[in-house]
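Colleague: I have a structure I would like to understand better, so I am pasting it below and will then ask my questions one at a time.
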């Protein structure tokens, strides 16, 4: 079951990079993010509402909801801000200046940041092999970003690309923090419910950014744009993050993040296949360093979490 979930996540998230790049040709980055997660919110509402109504007695439901909200609402709000608002607002803005493949590689350095945070917050040791992993990962980032520093073009163009690099790395840090928060505070609660609430919260904060940054929704509707919103919302967000939280419940942080390392590789492949994106040598070498680093970070055998099933 775990392998099936990993395979589904890898393909869905790999294809999502192509869909995002296509959508951003017709939409502003925050408009697309807000529409994507509005679609995800609707899909998750349709998923969790019937189950919640069916499983809890009518008289008990308000008390249960108040008790849960009182316990974990700060964690849910923070999770929504980090996992949805910050990660996808930053990534979509960065993709205006970056190729889909490069963006996916930089975002999935979240595995390295998760390793560091897990040592501090979850007590997972940072073994010597993991220190080497950080070295390889940082070297890979240096190769990718360093190429942008030396790239031909105006100073403004180079600055825009470097800012975009920083936006994606900040998104990776936010995702790593969200992973830790979910593991520490939210695994006792139904994962679909947690995913639904964090998505609703994140979406609620995305829409003000649409007006504040873009002056209102910016969209030129086409079949491709609608398809991108539906695919990334329903499959790459509602379904995929429920699967992701399912993995975080069953595997230690190292193994869970290792399991989706094929996503940036597929992002590169799909970007080249469907969008014709070039893969220059420094980028390929840097990507290889990052993947080696993350692989070294999780060279230990997979460990199931206690109480998982």
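Each Cβ is built from the backbone N, Cα and C atoms, and glycine gets one as well.
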Colleague: Out of 34-53, 194-213, let me know the one TrEMBL marks transmembrane segment.
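Modeller: Checked against TrEMBL: transmembrane segment maps to 34-53.
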Colleague: So what's near the transmembrane segment (73-99) in sequence-distant terms, Cβ-Cβ under 8 Å and 6+ beyond its ends?
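Modeller: The answer is 20-21, 24, 29-30, 32-33, 36-37, 106-107, 160-161, 163-165, 167-168, 170-171, 174-175, 177-178, 181-182, 185-186, 194, 197-206, 209, 241, 271, 275, 277-278.
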Colleague: When you check the transmembrane segment (254-275) against the transmembrane segment (34-53), do you get at least 3 Cβ pairs under 8 Å, counting only pairs 6 or more apart in sequence?
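Modeller: The transmembrane segment (34-53) and the transmembrane segment (254-275): touching, no.
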Colleague: For the domain 'EamA' (3-145), give the DSSP counts of helix residues, strand residues and coil residues.
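Modeller: Output for the domain 'EamA' (3-145) reads 120 helix, 1 strand, 22 coil.
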